[in-house]
Amino acid sequence: MSDPAQEVEAPVEAAPVASSPKGKKEKAPKAPKAEKPKSDKPKKPKAAPTHPPVSEMVVNAITTLKERGGSSLIAIKKFVAAQYKVDVEKLVPFIKKFLKASVAKGTLLQAKGKGASGSFKLPPAAKKVDKPKKAPAAPKPKSTNKRVTGEKKVVKKPAAKKPEAKKATKAAKPAAKKVAAKPAAKKAAAPKPKPAAKPKKEVKPKEEAKPKKAAAKPAKPAAKPAKKPAAKKAK
């Protein structure tokens, strides 16, 4: 008989679990996130500012206050709040930024202090630019008046040409006189028919005396009829 201790079977070794490379655990693939639908609500338009730019407000405050030692930040804030009716505390960072940048550029002068805590004023050149100078523009129309007078002189020069027209009229008048003289010549030729008055001369007392001679000499009356043709020549 066999020994029962020998008949006991050896325990079966468990197969080793396959390990992932580099000892890392495999992550399950994530499901893609569903995109959120975009809202169709229209964006609200930005409200238009009810005040001018900060730079304009600060410069206006400094020019209006006209402080010899310059305007401080507190004075500028009070002026802006009273003039433009805005929340100055919200604008303080922008005011300080503008003051520092303007001092660096030279558009503002810092009379006292450092940074934005001092007092500020405009440079002399900027004050001259701000003053409007419209007075020199007034004399300009005078030069235009001179040009107009010069044009008038040019207009007067053509008036000197009028004597030429007079000469033309004078030259036309002698021609008219010549035309008028021609009828006078015709009138001078008209008196030619006056010789018709000659027959009056023929009626002379001498002719009346001739019959007396005929009475004395009866033989001569035969010759008188021959003298009648002489009267035709007078016509």
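Using the three backbone atoms N, Cα and C, a Cβ is placed for every residue, glycine included.
Marked as compositional bias 'Low complexity' by Swiss-Prot: 1-21 (among others).
What Swiss-Prot lists as region 'Disordered' is 1-56 (among others).
Under the heading compositional bias 'Basic and acidic residues', Swiss-Prot lists 26-42 (among others).
Summarising the annotation, Swiss-Prot assigns domain 'H15' to 50-124.
Per Swiss-Prot, region 'Disordered' is recorded for 112-235 (among others).
Residues or ranges marked as compositional bias 'Low complexity' in Swiss-Prot: 181-191 (among others).
The compositional bias 'Basic and acidic residues' annotation in Swiss-Prot covers 199-211 (among others).
As annotated by Swiss-Prot, compositional bias 'Basic residues' applies to 225-235.
In this model, the domain 'H15' (50-124) carries an average pLDDT of 87. Under DSSP, the residues of the domain 'H15' (50-124) split into helix, strand and coil as follows: 46 helix, 9 strand, 20 coil.
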